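Annotated transmembrane segment per TrEMBL: A:49-71, A:92-115, A:182-201, in sequence order.
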Amino acid sequence: MDRFRMIFQYFQSNSESVMNGICGLLALASVKMYTSFDFSCPCLPRYNMAYGLGIMFVPPIALFLCGLILNRQSLVMLEEWRRPQGRRKKDLAVIRYMCSSIMQRAMVAPVVWIIVTLLDGKCLICAFSGSVDPEKFAGFANTSQVQVQQLLAKVPCKDDELMRNNTSRKAVSRYLRCWSQVLGWSILLILIIAAFLARWLRPCFDQATLLQARHWSNYIDIEQKIFEETCCEHSRLFAHKCILHFFESMRQEIKLHSFSLRREGDGAEEEEDLLRGVTDQDQVNKLLKKWYYEKPPLNV
Amino acid sequence: MDKFRMIFQFLQSNQESFMSGICGIMALASAQMYSAFDFNCPCLPRYNLAYGLGILLVPPLILFLLGFVLNNNVSMLAEEWRRPQGQRGKDPAVLRYMFCSMAQRAMIAPVVWVSVTLLDGKCIICAFCTAVPVETLGNASHPSLSQGEMERILARIPCKEIYDGQELITNEVATRYLRCISQALGWCFVLLMTMLAFLVRSLRPCFTQAAFLKSRYWSHYIDIERKLFDETCTEHARSFAKVCIQQFFEAMSTDLAAAHCHQPREASTDAGETTRKLLGITDQGTMNVALKSWHRCKPPLHLHAPTLPSHNSWAGEGQPPVHPLVPRKEVAAYYSRV
């Protein structure tokens with residue numbers, strides 16, 4: 001029981017680590033989705049760019065929205081933002097802090113997708129194979145404009161009959177993959193440097209406000225959780241009382257209608273209490289029927 | 001008891017994470033079902049469309065209904081909806097809240113099925129292979145064919161082994177084209193659903209928070225009340241059965257004493273717990289008669305004070321069982337309700 005209480009308290013107080021866990025899971029899910037996705041470039045002139053860039057940017061948007069949905073704190077923040085002021089002032093710094101922490105966590109999975117896409121290279125090869133300069137590559141140099149577009153569009157498809165053993169295709173592919181990987185690594189480096197600087201330089205700016213904002217955002221989160229728990233506990237007690245009243249009123253009714261002698265006996269009191277005066281098949285049926293047709297009012 | 005209350009509270013207060021877990025499991029089950037399913041395009045002109053669209057749309061419907069069937073709260077919703085008003089008013093907002101939350105959970109598996117199907121591409125390739133634009137994608141030089149002939153050839157695109165239209169349009173080109181369209185549709189569908197879910201979740205605090213808190217509280221209350229009532233009824237049934245059986249044995253032991261002209265053996269104060277528990281039956285013959293009587297003539301569902309004569313005359317074999325004097329009303333209803 002002590003262990004349950006500890007786990008309970010852990011989840012209550014450490015919603016931040018729960019959110020970090022969800023963020024990590026989503027990042028892993030993002031990588032898994034990319035590897036299980038069957039990338040299939042259409043190898044047609046106008047479709048390539050749309051497909052390649054679509055695969056690079058549409059799933060990150062969906063993952064970002066998923067990150068916002070799965071994060072409990074985004075609801076808490078919205079509620080705090082929209083609540084009427086009442087007798088408690090609203091602190092915009094707290095709301096800003098919550099918003100920025102939510103955004104940071106939600107951005108992880110989309111960024112992971114984009115970086116994995118770039119490091120893999122297939123998307124960029126598909127999207128930009130039609131945009132390379134054909135003069136740089138021997139196989140495509142001396143062909144007509146329309147034909148060169150058609151051929152370049154087929155570069156991502158290794159098994160196409162025209163491209164099967166074409167060395168220029170491999171050259172274009174390597175060139176684009178190189179660019180793609182350079183872009184991927186640069187973005188990764190820039191993001192990590194930005195994160196590093198943000199974390200290191202933060203204490204230099206406004207540490208006190210930050211501590212306050214963090215404390216109060218934690219407080220709002222815990223307050224809401226405890227309110228929900230208290231409501232659950234309250235509704236349980238309310239229901240218990242309501243049912244007891246109902247059985248009691250049935251007992252009174254039975255006493256009025258029947259003149260049965262009260263049983264006297266030692267040790268029978270406990271059973272008597274549990275039976276609550278309902279000792280007959282008819283009485284039980286009546287009780288159950290009344291429970292369905294006329295539930296007691298919500299007033300204990 | 002305390003431990004159960006803790007677990008109860010934990011699950012209730014963390015219902016969000018509990019329900020998210022269930023949604024995740026359903027999504028995985030749906031994806032697994034799709035990968036285990038052996039897709040088999042018929043490769044015939046009109047059958048392709050029917051098969052492809054059927055596999056795309058019929059399993060999600062089944063999964064959606066299954067989501068409702070497997071949800072325990074559906075009967076609670078139906079009960080609350082159909083109960084007579086009586087002394088307690090009905091709040092349509094609570095019913096709407098319960099229905100919405102159930103529908104949201106039931107939508108997860110179908111959405112995952114449709115997304116996985118579209119992203120995989122086989123269904124769309126099968127359904128729309130006869131609609132491929134041969135003029136733009138096909139090889140320029142091909143003899144002009146009749147509509148029916150062209151359809152028959154194109155319908156075989158998903159079946160690579162029997163495809164005979166390589167001069168018309170290569171299999172790879174058509175497959176790539178259709179798969180590209182299918183995947184684009186799939187990702188757009190995923191984005192649309194995620195945006196919808198996001199809007200539903202984030203607009204609520206902006207507009208109807210107070211009403212939401214009320215509906216959530218009362219829907220929890222209805223659930224807990226139902227569970228507690230069932231518990232109380234079970235407790236009551238236990239006590240009822242216990243007293244009923246005790247009275248049966250007591251009646252039997254007094255009848256036995258009367259039949260054999262013995263005084264009922266008084267349980268002396270120092271006789272001990274065990275003797276009392278024997279309930280007056282102390283030999284094989286009596287026990288056999290007791291068991292036979294229990295089978296042939298169960299006591300009426302009517303607990304009485306010990307001074308009232310019992311209606312259970314079982315003494316001696318060969319006597320026909322006497323029907324209990326309590327009028328038998330709605331026995332079936334009694335057993336089916338509890």
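Note: Cβ is positioned from N, Cα and C throughout, glycine not excepted.
Long-range Cβ contacts of the transmembrane segment (A:49-71) within its own chain (Cβ-Cβ under 8 Å, at least 6 residues beyond either end) map to 19, 22-23, 26, 30, 33, 37, 39, 41-42, 102, 105-111, 113-114, 117-118, 123-128, 130-131. Beyond its flanks by at least six residues, the transmembrane segment (A:182-201) meets 111, 114-115, 117-119, 124 of its own chain at Cβ-Cβ distances under 8 Å.
Packing against the transmembrane segment (A:92-115) from elsewhere in the chain are residues 19-20, 22-24, 26-27, 29-31, 33-34, 56-57, 59-61, 63-64, 66-68, 71, 73-74, 76-77, 80-81, 184, 187-188, 191, 209-210, 212-214, 216-217, 220: each is 6 or more residues past its ends and has a CB under 8 Å from a CB in it.
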